[in-house]
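*Asks:* Mind having a look at this structure? Questions to follow.
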């Protein structure tokens, strides 16, 4: 396979983008430049190259629009629950099981994981922090370990799998050109190994600290969060919300719903809960405005999260034949497919080197701490490597997704753990440092499992 200047330009831009990531800078600018340069080299026309930037963003945005909407709607729903105090009421029974530091660690962590699966970690952080932090600290669990539990279970365990909302697997799958359901299915053993090892190491580190320095675990009294004035509908909504999502899960299992079908069910449920919240909690005239306010807040969050990802994915999507045709028109080459054929003819790769390369790229792309920016890259690499050697594309993409999100989501990058650090009033650097050893152990476990199953 003979590579052209267009292929080499794509390779150079990928290297530049990874280099800029290592410098801890955002990569939107090089991605825009890359799209323009690719468009100009392909057509020799500056006008076409400028149009290519817009077309790439439109194509990328269309790929992600469904997931942007579902995340925005779930956040909008959570805003309604917060305003009437149902969020606090839903979680209040959990405080009763926090009778010692160990139970508090697991209670905070598992609660954070479940809520993060349903509404993502960002909305979950202030909720869990406000309601459970004072109770956890009162048992003698240091604030730093409350932050560790929230961060590892929320931004690590929950976000790296994203089974419910399916934002992460959708982006990863788009880069690899496969269905999100394939990535989710392939990710389970890798995700479980990484999560179990990371959490176990973190828990035993906490226990070791307890034995070495018992004074760390003295109960501390903290002021409880200011309680929102409850309304007549608060108890009803706090009962309805978890029941509705449990019914969703049952429906997914019964009717074998996955991917877009499952997302549509969750999105529709979020809208109905938000609507019922407004209609039962406010006068009808106020409700008309309230629901608009919630929707605005939700979409503000969704667009804020995905705006840079759309630009980044726009560049990487043109490496696949489908994306290239959508942006450049019929006859555009499948750049990554051509590159993979060329590599297979010139370089001897095996499963170990492929998995280690994917892991290294996943970690590098996670260094910017922006969340999901590395997912299109690891998805694209999985597609490329699977054309070079006999390896499971979905599994390789899942490996990249899990590691990227654990790093980038993030748990070991100081600037990515700021929300949890802020709500717990601890140093981001100290939190990232405390997470480092458990996460590295988890990555090692994920690599070992990948070697056996891919």
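Cβ atoms are placed via backbone N, Cα and C, with glycine included.
As listed in TrEMBL for this protein:
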type	residues	note
TRANSMEM	6-23	transmembrane segment
TRANSMEM	35-58	transmembrane segment
TRANSMEM	64-82	transmembrane segment
TRANSMEM	103-120	transmembrane segment
TRANSMEM	126-147	transmembrane segment
TRANSMEM	184-206	transmembrane segment
TRANSMEM	236-253	transmembrane segment
TRANSMEM	265-286	transmembrane segment
TRANSMEM	298-318	transmembrane segment
TRANSMEM	403-424	transmembrane segment
TRANSMEM	436-453	transmembrane segment
*Asks:* Establish whether the number of Cβ pairs under 8 Å between the transmembrane segment (403-424) and the transmembrane segment (64-82) reaches at least three, counting only pairs separated by 6 or more residues.
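*Replies:* By the criterion, they do not touch.
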*Asks:* May I ask you to check whether the transmembrane segment (184-206) and the transmembrane segment (35-58) make contact, with contact taken as at least three Cβ pairs under 8 Å and only pairs 6 or more apart in sequence counted?
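*Replies:* Stretch pair does not touch.
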*Asks:* Mark yes when the transmembrane segment (436-453) and the transmembrane segment (35-58) have three or more Cβ pairs under 8 Å (sequence separation 6 or more) and no when they do not.
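*Replies:* Result for the transmembrane segment (35-58) with the transmembrane segment (436-453) is no.
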*Asks:* Need a quick answer: max count of Cβ pairs under 8 Å to the transmembrane segment (64-82), which of 6-23, 298-318, 436-453 is it?
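*Replies:* Out of the listed stretches, 298-318 contacts the transmembrane segment (64-82) most.
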*Asks:* Should anything in the same chain at least six residues away from the transmembrane segment (436-453) have a Cβ under 8 Å from its Cβ atoms, list it; otherwise answer none.
*Replies:* 152, 156, 189-190, 193-199, 201-202, 205, 351-352, 355-356, 359, 363, 392, 395-396, 399, 402-403, 406-407, 411-412
